[in-house]
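Record features, source Swiss-Prot:
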{"type": "BINDING", "residues": "T29, M30, G31, P32, D86, G87, T88, T89, T90, G413, N476, A477, A478, D492", "note": "ATP binding site"}
{"type": "COMPBIAS", "residues": "524-535", "note": "compositional bias 'Low complexity'"}
{"type": "REGION", "residues": "521-542", "note": "region 'Disordered'"}
Amino acid sequence: MAKEIKFSEDARSAMLSGVDKLADTVKTTMGPKGRNVVLEQSYGTPTITNDGVTIAKSIELENQFENMGAKLVAEVASKTNDIAGDGTTTATVLTQAIVNAGMKNVTSGANPVGIRRGIDKATEVAVEALKKMSHDVKTKDDIEQIASISAANPEVGKLIADAMEKVGHDGVITIEDSRGVDTSVDVVEGMSFDRGYMSQYMVTDNDKMEADLDNPYILITDKKISNIQDILPLLQSVVQEGRALLIIADDITGEALPTLVLNKIRGTFNVVSVKAPGFGDRRKAQLQDIAVLTGGTVISDDLGMSLKDATVDQLGQANKVTVTKDTTTIVDGAGSKEAIQERVDQIKQEIAKSTSDFDKEKLQERLAKLSGGVAVVKVGAATETELKEKKYRIEDALNATRAAVQEGFVPGGGTALINVIPALDKIEADGDELTGINIVKAALEAPVRQIAENAGVEGSVIVNELKNEKEGIGYNAADGKFEDMIKAGIVDPTMVTRSALQNAASVSALLLTTEAVVADKPDPNANNQAPAAPQGGMGGMM
């Protein structure tokens with residue numbers, strides 16, 4: 001396909017237009033007085049949300065050069081969401097501020113490489129200043145405050161705090177639909193381990209890129225599956241019952257994995273395969289833990305068992321299994337309480353006998369997974385649209401809370417970013433490098449300015465007032481007053497604020513140093529071409 005190329009100012013201005021279109025849409029949601037955005041869906045009802053990354057990912061612009069600029073900002077939001085789980089709107093606002101100021105200077109003749117060095121230096125100093133002002137999460141109230149601010153809902157904050165209290169800071173918390181309109185927290189037996197799906201074609205939810213299996217059978221084996229014939233009798237039995245299947249195996253290689261994926265895509269059955277957790281003897285022990293939890297049997301050479309002879313009775317079962325690219329969570333396994341308790345007691349005895357600190361630590365992890373359970377937040381709402389919006393808020397709140405547990409929290413409402421500006425004044429630089437530092441200093445004001453403007457207040461007035469206040473005093477947009485943000489319970493996770501700034505600075509610096517943009521030239525006849533004939537498919541596996 002022919003390419004269209006733009007250079008220098010033409011390239012940067014086209015991309016800047018895309019950056020602004022996306023950022024202007026996302027930033028309307030910022031702060032306690034932020035608005036919602038309605039997203040059209042290809043099917044079903046529209047989605048109403050204030051979740052920055054969801055909005056950013058849904059935007060496609062007609063002009064391909066503008067679209068590239070928009071996609072780079074969406075990448076900032078997505079990366080921030082991947083690292084910290086929240087802060088996507090802050091990252092977008094910071095990116096827009098840095099890019100706009102940077103483009104003006106580059107257009108005026110400044111050297112973009114010098115500006116980039118200044119941006120990098122300023123970001124490094126700002127991140128260190130954020131870490132120094134960070135406070136550790138110590139109480140249930142701290143967790144409740146962080147979750148409440150992220151979700152803009154005190155009830156959600158209380159739910160998350162209750163869930164974390166029940167399963168611990170490192171415990172597994174999942175989100176499900178409730179059958180009623182109320183939202184509640186239940187603790188069920190379950191566990192999570194660090195292994196994700198073997199193929200992304202196994203996902204059932206393309207937005208979240210995760211696979212959800214309701215009431216599945218679970219095949220647990222320490223064998224390598226390379227021939228589909230080995231598990232064919234078992235697959236046929238599962239298909240006849242109309243149930244989903246989770247396969248936990250040493251590995252699936254050869255033609256076995258493509259065959260499973262092909263049948264999954266065709267809708268023959270719903271299957272997800274993951275590698276067994278752990279290594280060596282620890283792997284065998286963890287597989288046995290999963291078998292006890294789900295009421296299944298480990299199909300193992302050690303026991304003289306064969307996959308060809310395995311029956312449905314030897315499969316484990318669970319109420320629900322969720323698999324992401326990195327983790328597998330089994331909720332409400334079908335194992336008997338007596339068997340689980342017996343296994344727990346056995347692990348406790350092993351801990352008591354062990355003389356190795358490393359072994360004790362690994363045994364404690366197994367014990368926590370087996371006995372800690374999984375907290376399930378059941379989200380209820382009157383309509384499907386409200387349910388989607390509520391789940392987005394709860395997911396953000398949960399992610400923000402986990403981030404705060406890891407790295408602590410700082411004063412919220414953009415206050416921390418204003419408070420780090422004096423640290424940037426101490427950096428020694430000149431010329432274009434100094435310009436880059438000043439660009440970051442100005443950008444650090446943008447989140448507070450946007451929160452104020454969304455609340456109907458002049459942003460510049462609020463920013464100037466905050467610069468004259470002592471550290472920690474911020475603008476509470478919900479009540480329209482200045483106060484100590486930590487005492488008021490308005491806090492942000494340090495990881496969220498840090499990631500937003502680092503990712504915004506990284507992509508902004510790349511945009512400013514862009515000198516040429518290459519895009520596909522639109523084909524004027526594309527809409528007039530007849531659709532391609534459908535391709536023939538392979539026969540079914542069964």
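Each residue, glycine too, has its Cβ placed from N, Cα and C.
Of all Cβ atoms in the shown protein chains, 30 besides its own fall within 10 Å of the Cβ of T88 (ATP binding site). If you take the C-beta of T90 (ATP binding site) and look for same-chain residues 6 or more apart in sequence within under 8 angstroms, you find M30, T80, G414, P447, V496, T497, A500.
Of the binding-site residues D86, N476, D86 has the largest number of other Cβ atoms within 10 Å of its own Cβ.
Across T29, M30, G31, P32, D86, G87, T88, T89, T90, G413, N476, A477, A478, D492, which the record gives as binding ATP, the greatest C-alpha separation is 20 Å. Neighbour list (A478 (ATP binding site), Cβ cut-off 8 Å, at least 6 residues apart, same chain): P32, K33, A455.
Within the same chain, residues at least six positions away from T29 (ATP binding site) with a Cβ under 8 Å of its Cβ are R35, N36, V37, T49, N50, D51, G52, I55, T89. DSSP assigns N476 (ATP binding site) to a strand in the three-state reduction. Sequence-distant neighbours of G31 (ATP binding site) (same chain, 6+ residues apart, CB-CB distance under 8 A): G413, Q450, I451, A452, N454, A455, A477. Under the three-state DSSP scheme, T90 (ATP binding site) falls in the helix class.
According to its DSSP assignment, G31 (ATP binding site) is coil.
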